[in-house]
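Participant: Grabbed the feature section from TrEMBL, which reads as follows:
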- 30-52: transmembrane segment (TRANSMEM)
- 64-85: transmembrane segment (TRANSMEM)
- 105-127: transmembrane segment (TRANSMEM)
- 134-155: transmembrane segment (TRANSMEM)
- 193-217: transmembrane segment (TRANSMEM)
- 229-246: transmembrane segment (TRANSMEM)
- 332-353: transmembrane segment (TRANSMEM)
- 365-386: transmembrane segment (TRANSMEM)
- 410-438: transmembrane segment (TRANSMEM)
- 458-481: region 'Disordered' (REGION)
- 472-481: compositional bias 'Basic and acidic residues' (COMPBIAS)
Amino acid sequence: MYIGECQMDFGQTAEILARIQFAFTISFHFIFPAFSIGTASYLAVLNGLWLWKRDPAYLKLFEYWKTIFAVTFGMGVVSGIVMSYQFGTNWSAFSERAGAVIGPLMGYEVLTAFFLEAGFLGIALFGRKRVGDTLHMVAVVTVAIGTLISATWILSVNSWMHTPQGFSIDASGNFVPEDWWAIVFSPSFPYRLVHTVLAAFLTTAFAVGAVGAWHLLKDRDNRQARIMFSMAMWMAAIVTPMQILAGDMHGINTLEHQPAKIAAMEGHYESHPDGAPLILFGIPNEEEERIDYAIEIPKASSLILKHDLNAPLDGLDAFAVEDRPPVTIPFFAFRIMVGIGFAMLGIGMWSLWTRWRKTLFTNHWLHRAALVMGPSGFVAVLAGWFTTEVGRQPFTVYGLMRTSESLSPVAAPAVGASLVAFVIVYFIVFGAGVFYLFRLFRRPPVMEVDHELDLGPTRAAGITPGPAQETTIREGVNHGD
């Protein structure tokens, strides 16, 4: 297929183009759920603080972030629909063989999570005045729970593809479910779920922190910006160490079930019977199977992965050539993810120091650093995703079904043409969405909500404040106290 003089297969096979297309679409999709999962929980916390303390600043922040959440939630839904189509257009062989396992799990996600979110989202966004504070809080919490349930089912699917169990294979080579408990709770699932959800919380925390830092740099007395920044820095200080621990446990689990992936991530082409070094940085040379310009810490990789300096670690030479994953992408992506994680830890510890010295809201160097780290969660999430998915290659279902066997009978030019279309449409549509989000971020979080909304439900049975309380609340609204 040609468009003018341009050959639409780009000199690549249909498999490579289909993989690029799926990687492109899932990368655009993944950043929105990663943000909306954390933002939904953040909104629930803000709304709870407003109901508990009746401090208008929390209501102000809820109204500020709910618009941002609505945009990202919608963009996540739209981009997710596109991915499901690709199971039919580009990966029909995979859908045919694994559909009996994958299909029900994805269906459960729609039934238990998407319907839950869709049913309560409108109330959470627009229903406070109509249903009252209590039911509105229920709706907000339900939406937050729905995002977590959605992540649970999707990560269950993905984890089964990495560590498959609970099935048999029939005469046609199709996967037949035998034990749904084993399928849902595959060996890598608990680690992947915790690691991903904590990543979503950190992604939101650093985005919120960056917005708070931006407004503190412009007005250090903005109370809403102070609250945003303070809450974000607490998350950075508390959740980042938890995430590093979760990542370490996930790595140990991966070593047990996918040792070739660990070898690629670590850059170990050769096995190390007496302790493997930790390669901090280097340039993978896949042709000659070595890491050029390597900076190493002797035996540290064995210490981290097996808690023994002299423990042996298999390299890629322990696996058949046709079963080895690529090295370059997992090697660099893993280091980007880990590097960002420790940078997040540094910001969190720095914030604790400034909080102790009572300079959290006046230390502009910290604010600038937090502003720079704003997108770091998104980058880390994508780097982690590239690490685990490229590291699974050359398999779709690890050890059982190769990616080359999963492809639809589709020509490379057709896949190339749809890839070009996706790139154009995504950059237009999502470019506009991201541009709008940045405009929302730049707005100072000043109180512009309806006063009636602040003062409680307008139902006949609602409890509204008396004149003195109403005066106090309105003064707080006007002055941001």
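Here the Cβ of each residue, glycine as well, is placed from N, Cα and C on the backbone.
The model shown is predicted, which means the values in this text are computed figures rather than measured ones.
Just tell me what is around each of these and how deep it sits.
Facilitator: Proximity of distant same-chain residues to the transmembrane segment (30-52), defined by a Cβ-Cβ separation under 8 Å and at least 6 residues beyond the stretch ends, is recorded for 58-59, 61-62, 65-66, 68-69, 72-73, 75-76, 79-80, 124, 133, 136-137, 140-141, 143-144, 146-148, 150-151, 196-197, 199-205, 207-208, 231, 377-378, 381-382, 385.
Counting only same-chain residues 6+ beyond the ends of the transmembrane segment (64-85), those with a CB under 8 A from a CB of the stretch are 22, 25-26, 28-29, 32-33, 35-36, 39-40, 42-43, 46, 106, 117, 121, 124-125, 208, 224, 422, 426, 429-430, 433, 436-437, 440-441, 443, 445.
Within the same chain, residues 43, 66, 70, 73, 84, 135-136, 138-140, 142-143, 145-147, 149-150, 152-154, 156-157, 160, 183-184 sit at least 6 positions outside the transmembrane segment (105-127) and bring their C-beta atoms closer than 8 Å to a C-beta of that stretch.
Sequence-distant neighbours of the transmembrane segment (229-246) (same chain, 6+ residues past either end, Cβ-Cβ under 8 Å): 42, 45, 191, 194-195, 198-199, 201-202, 205-206, 208-209, 212-213, 216, 341-342, 344-345, 347-349, 351-352, 355, 360-361, 367, 370.
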Participant: Which listed range (193-217, 332-353, 365-386) shows the maximal number of Cβ pairs under 8 Å with respect to the transmembrane segment (134-155)?
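Facilitator: It is 193-217 that shares the most Cβ pairs under 8 Å with the transmembrane segment (134-155).
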